[in-house]
Structure formats: structure tokens, C-alpha cells
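This report refers to the structure that appears directly beneath it.
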Amino acid sequence: MTLVFLVVFSSFVLYVFIRSPTTSLSRIFFVVIKHKSNSVEFQLDHLHLCRSFLSKLTHSNNKVPISVQAQGKDDDSEIVTENSAFVHPEPPQDDSGPPKVESPVEILHEKVTKQIIKEGHGQKPSKYSTCFLHYRAWTESTRHKFEDTWHEQQPLEMILGKEKKEMTGLAIAVSSMKSGERALLHVGWELGYGEEGSFSFPNVPPKADILYEVELIGFDETKEGKARGDMTVEERIGAADRRKMDGNALFKEEKLEEAMQQYEMAIAYMGDDFMFQLFGKYRDMALAVKNPCHLNTAACLIKLKRFEEAIGQCSIVLAEDENNVKAMFRRGKARAELGQTDAAREDFLKARKFAPEDKAIARELRLLAEHEKAVYQKQKEIYKGIFGPRPEPKPKGNNQFIHWVVLFWQWLVSLFYCLFKRERAKDD
């Protein structure tokens, strides 16, 4: 069933991409989906389309290994997707519905209540602040989940005071939250999808009270409340760069979680839909901000010992710049920590090709060799204990006596044989 789902889904995506007038044939990428003993292979014609498709597919409920190969390139250009969240991992989620929270209920409005799951930090957003948040939404009566931005890996952008009508209750709650705060919200239908509900997407029944699990990533204080879609390219890149600089300052202060929130907000300004439209110098300007955000996020994750997520961040950069030394080095470190020594060595050796004098790379390769040697010695001791010590040779004290006895018996047998032959000859 999983393979059938993948084939149907990939065929639909390919049809949409091929029919799209914006499709560019500048570069072909082959996508191979492997499931057990079977595989499906097709091609996408642009790296951003390819990455966007893989992002959706690898974070679906059907986890499958996927590889991407650029046409006309060597095997070194292969990109292997990693099953890791965009920046933060998805909160632990019970399939039965919303999380159970023990914290006190805070009444924000007659139709809006909040229970804090995780405390935030800093100030609260004011009116016209541009907020970035992740959320899940369920109807209270049926516990049907109808939206999940964690699953889509695309944070919601909301301008307080300019939100959609069905987001009024959510906006009231967000205005009471701090950056990094996660909470469970209850919103009455009057401040949600109303008396008629929604029969398109998302599908919400009439008069349905809503439960939200929300995390406020961060917010921008702006007087005019300008949305990303209304910004020029230079304004979006500038806003992202300011977030990156704020994240760097927090990183130096060892405030790693807060730094990652700033990097995630910076990346949110430059999603796949935005990057797909950029070419030439504007694309280079955007990547000069976006890639360091991914790499700095990976550095934070390595310090927090969240190595699989760090591998995912580095792989995103290597999909854009396959010769990025920092991405190879940090992915190698994360892989080494997970015990993936062969993959780690491969990353370090590739990095050394482009930075042969880098002492950090040489040190990691040396540590990897020492680790493997220590593992070999440990295994040797274990196997020695399993098979037991080698048998000791028997003492040689009686060997000389046995030797003379054997010689005597050989001489005696020869003597009797000679006498027997002589007597027989006389008889003849």
C-alpha cells in the first residue's frame, strides 16, 4: 500500500509540475523511491521542485528512503534525504488527539482559554507584530485534526490585528504568548470558523469549537504590519539577515534554543516558494543568508546532542552547495557521534579535498581512527573471552623415554622378521 501511495502521489506531483508554465528545464534531477525490494524512479526538472517534493514526502506518515541524482553528474552529487524536522523536532504527539496538559487554565477571552505546555522567554507581541508560529488544530467534538504546520514544515505567518476572521481566537491567544512558548488553546466557534464552518480546505463542521496546540517561534515588531508577500526581495533578505545576526548574538551567549528560533524565523522569510523565483545575484544574496542559518542551526543542534536533526540541516545546505566545507564537516561530526563512522569519514575526506590545511578536519579524522582502533581492541578482548584461552602445550618430560621405547620395539620387530626369513630359507 505504501508503494502504491508513493506512485500515485508522485505521478500527480509530476503532472502538476510539467503542466506549470513556470517550469524551467535548466537541470534534471532523478528521484528514486525505494520501498523494500521495489523502487520507483522519475525525474524533476528543478532543484527547488525536487526539494519541495521530497520535503513533503519524507515527512509524511510513510517513511521511506529517497535518493536524488543530478543528470550528467557523478555519484558524489547524490543527495540523501534525512528524516528530521525543519529546525525543531515535532512535539511528542499521541495519535489519539491533543496533548494532555496539567497546567492551570488561563482565561484570555470569554471564548478563548490557554494552558501552557512550555514556558517562553522575552516580551509578548503587540498589535501589527508579524508572528511566526507552528500549530495543530482539532475539532473539539470529534477530535479530528484538520491542520498541522509541523507536518508541512511551513510556519504560519500572522500579523496581529490583520488576521483572517477564522483566526481571531488564535490571534488573541498568540498575543498573550512569549517567543518559544508552547500552549494548548480552546477557542469557541464564534471566534473560529463560525456558524457555517468550512467545507473546503480545511474541512471544519459548523459551530465547531477548536483545540490548538501552538508554539510561537518568534515575532517581528513592525509599525505597518507588512507581510512577507508584500515585501520586495531586498526587504525579505534584509529582514532574514537581521534575524540571523540576532541568532548569532544569542549563540555567542550560549542561548541555543533562542538562537535556533531566530534562525528559523530567518529561514521562514526564504521558503521554497520564494527561492524558486530568484535567479542570478538575488539568488546568491538569499543563499548567503539562508545557508549560514541552516549551518548555525546545525551547530546548535550538535551542542544539544540532537545529531539526526543536525544532519538534516547540513544536508539542506549540501543540496544547494555540494562543496560547502562547513556543511560536510558538521554533518561528519554529527554522524561520528551517532556511530556512523564510514559516512562520517566520507564527509571529512570530502571536506579535506577543499580545505587540506584545516586542522579541525585533520583532528576529527585522527579521532575517528583512534576510536575505530579502540573499538577493534575491545572487540578483540570480547572475542578472546568467548572462545577461551589457547590450549597450553603439554610438558615434554617423558618424551625421551617414549622415543627410546618406540625404537626398541622397532628393533625387536626387525629382529624377529630377520630370524623368520632365515628359517624359511633353510626349509626351502
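Placement of Cβ uses the backbone N, Cα and C atoms for every residue, glycine included.
Caution: TrEMBL annotation is automatic and unverified by curators.
Here is what TrEMBL records for this protein:
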{"type": "DOMAIN", "residues": "128-220", "note": "domain 'PPIase FKBP-type'"}
{"type": "REPEAT", "residues": "325-358", "note": "repeat 'TPR'"}
{"type": "TRANSMEM", "residues": "401-420", "note": "transmembrane segment"}
Sequence-remote partners of the repeat 'TPR' (325-358) [C-beta within less than 8 Å, at least six residues beyond its ends]: 76, 291, 294-295, 298-299, 301-302, 305, 307-308, 310-311, 314-315, 317-318, 364-365, 367-368, 371-372
Residue counts (helix, strand, coil, in that order) that DSSP gives for the repeat 'TPR' (325-358): 27 helix, 0 strand, 7 coil
Averaged pLDDT score, the domain 'PPIase FKBP-type' (128-220): 90
DSSP-derived helix, strand and coil totals, residue by residue, for the domain 'PPIase FKBP-type' (128-220): 17 helix, 38 strand, 38 coil
